[in-house]
Amino acid sequence: MVEERESEEPTMNPFQKNESKETLFLPVSTEEVPPQSSNFPKKPSPKICGSNYPLSIVLIVVNEFCERFSYYGMKAVLTLYFLYYLHWSEDTSTSVYHAFSSLCYFTPILGAAIADSWLGKFKTIICLSLVYVLGHVIKSMSALPILGGQNLHIVLSMVGLSLIALGTGGIKPCVAAFGGDQFEEKHTEERTRYFSVFYLAINAGSLISTFVTPMLRGDVQCFGKDCYALAFGVPGLLMLIALVVFAMGSKLYRKPPPEGNILNQVVKCIWFAISSRFKNHSGDNPKREHWVDWAAEKYPKQLIMDVKALTRVLFLYIPLPMFWALLDQQGSRWTLQATRMNGNLGFFVLQPDQIQVLNPFLIVIFIPLFDLVIYRLVSKCGINFTSLRKMAVGMILACLGFAVAAAIEIKINEIATCQPDSQEIFLQVLNLADDEVKVTVLGDENNNLLAESIKSFQNMPYYSKLHLKTKRQNFYFQLKYHNVSVYTEHSVEEKMWYTLIIREDGESISSMMVKDEENKTTDGMIATRFVNTLHEEVNVSLGTDASFIVGEDYGVSAYRTVQRGEYPVVHCRTKNEDFSLNLGLLDFGAAYLFVITNRTNQGPQAWKVEYIPANKMSIAWQLPQYALVTAGEVMFSVTGLEFSYSQAPSSMKSVLQAAWLLTIAFGNIIVLIVAQFSGLAQWAEFILFSCLMLVVCLIFSIMGYYYVPLKPEDVQGSADKQTPQIQGNMINLETKKTRL
């Protein structure tokens, strides 16, 4: 009947005014679509010194500074907390670190959905900031030794990190977009500069926190150990300040109301378009200009146009996770690399986790340098340096940064002490007798290793490599002392380090084999061990409030890790006397054995043996790789943040911000997978990431070449344009009048 009526009526102008009592029928969606208007009460907002910058953005920037101090301060010591406090391996520490980072960038989807469909940005930031503060409190509690054992610490740590991830991730897409909402549409230049200042605040907070929190960890002692509780507690206090500062400006903010469940509508619209496209794949149906147009039968034009704009940008985001996979390794792999370098810069000594301060420090310098100098010079040269071109150059710089990191890693490995291989052990001999001893390893393969006699208390400059026939084997040694031969037997396992200690036993000598099982994992810390030759046990206080006991008559202590520094006075005591030992300088990455002896009339002294040499390569060699990656971050991240906001339809600002942050989450997942399953040496892993980044940069450049940036007026004006030609009946219902 409708088709017959249409054939009888003349064609009418769809823009003609309707003056009769007739009803215009439109296709109505069965879904309840919320209003798409982005208008909200535009109350006059105080400006900063008569400029076009709203006063409210000051509070937003201060809030972001404190929140980033909180996040990066906690994260700066997180890898070493896993490594030294929870005693996890390097790969496990790296994987958990990036799993946490990934979770922090998955939760923005949840925050964006809550903000856009329920609470609005302001209330979402307030509520999730409370969760954030609670997470910091629990994380600090996880570093208190008095609260249970290691299992409880792990549980508290995981709960605290989960709440922090929910809090920081949930407010991420809201704070940046909420700051952009404070500007009027005509002040686009001011809004662009706001994003640079916003990013500057992020890195100013990161700069201070990554410098301060490692000092709180290492320079302050809690319960006789590094004070991780304080290093986590101070960032928690800053997050509380961030919450208070943000809430103070409640009356100054422009608060756009939530747009309805726009994220849900976007997902349903895309799914309906895809399913409709496959259901109508036959040639009988006319082609659509865009695949999202297949949803026109059910969803409004404005939503479809917004989804088109959104999907165009999301497609461009596909290669971006690889950049974040490189950038976020500054807090994991690069920090672990720093533990095998020497942090003594002459005028200052850097802890391995403090080297991360280079990133925010350089960003604070690079942002104004790029904005005020480099970009303007490029513009004067007539080069159209678009946002996508800046991002591509940023990728290339990150690629070069990892190539430099790989070169440094190779150099570190060349200098470092090699490790025993399969069916091998490393052995050193310490002669603590009063005269020289000739040591012979009995056997066909190893009998010529120790050709010379070892003098009393002689420093052995190297380990000897012994070959095994099986994974576990007994070795026989001949010890010649004062024309007396002593035969001894010791059991060893492959891939281990051992020290054979020769000691006096009345008028003869004996030996004992000590496994140096922790030599391989000193990781920038200083490992110390004591042998007590006195006839009574010694209580040693080594740089901490807690002390330990070394047994009498050649008792051997467990390993103790200490910070780098001078140790001229180490207090010791026996039952009968108190005395002090001068240990001298304990340098980065070294392992020392101290033999407590009383061979002179000056009282007990410490004989020092450095059997793992200190790190020789200066940590300053990491500066080029940090400079390259940071320059890449400024060109990539700052530009991408503003690009995401400018390309988003007005109803989807937070959604696209969340999608931008989601690329960071997938980047961390890439690192997690490579760390767990690649099995590559560290230098090879760096080269792998560098090559992958180069390939991804080429793909992104091709995609960016064909991308046409969308202007805000195009998004708003697109709804007024005629939609692509679709099925005739639906179009006719819009342009024909039908009597009831």
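Each Cβ is built from the backbone N, Cα and C atoms, and glycine gets one as well.
Summarising the annotation, TrEMBL assigns region 'Disordered' to 1-21.
According to TrEMBL, the transmembrane segment annotation covers 69-87 (among others).
Under the heading transmembrane segment, TrEMBL lists 99-119 (among others).
What TrEMBL lists as transmembrane segment is 126-148 (among others).
With a threshold of 8 Å between CB atoms, the same-chain residues lying at least 6 positions outside the transmembrane segment (154-175) that come near it are 60, 63-64, 67, 71, 74, 81, 86, 100, 103-108, 110-112, 114-115, 121, 124-125, 128-143, 147, 239, 654-655, 657-658, 660-661. Annotation source TrEMBL lists transmembrane segment at 154-175 (among others).
What TrEMBL records for 196-216 (among others) is transmembrane segment.
Marked as transmembrane segment by TrEMBL: 228-248 (among others).
Feature annotation from TrEMBL assigns transmembrane segment to 309-327 (among others).
The transmembrane segment annotation in TrEMBL covers 357-378 (among others).
Sequence annotations record features per position, and here TrEMBL assigns transmembrane segment to 390-408 (among others).
According to TrEMBL, the feature transmembrane segment maps to 655-674 (among others).
According to TrEMBL, the transmembrane segment annotation covers 686-708 (among others).
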* To do: Answer with yes or no whether the transmembrane segment (309-327) touches the transmembrane segment (390-408) by the criterion of at least three Cβ pairs under 8 A, sequence separation 6 or more.
  => yes
* **Long-range neighbours of the transmembrane segment (69-87), counting only residues six or more past its ends (CB under 8 A)** => 93-94, 96-97, 100-101, 104, 132, 136, 139, 143, 150, 153-154, 157, 164, 168, 205-206, 208-210, 212-214, 217, 225-226, 228, 231-232, 234-236, 238-239, 242, 331-332, 335-336, 352-354, 356, 360, 523, 525, 561
* Cβ-based contact of the transmembrane segment (686-708) with the transmembrane segment (126-148), 3 or more pairs under 8 Å -> no
* Structure fact -> Among 99-119, 126-148, 196-216, 309-327, 655-674, the most Cβ pairs under 8 Å with the transmembrane segment (228-248) come from 126-148
* To do: Sort out for me which stretch, of 99-119, 126-148, 196-216, has the most Cβ pairs below 8 angstroms to the transmembrane segment (655-674).
  => 99-119
* To do: Using a Cβ cut-off of under 8 Å, list the residues of the same chain at least 6 residues beyond the transmembrane segment (99-119) that approach it.
  => 71, 75, 78, 127-128, 161-162, 164-166, 168-174, 258-264, 328, 331, 651-652, 654-655, 657-658, 661-669, 672
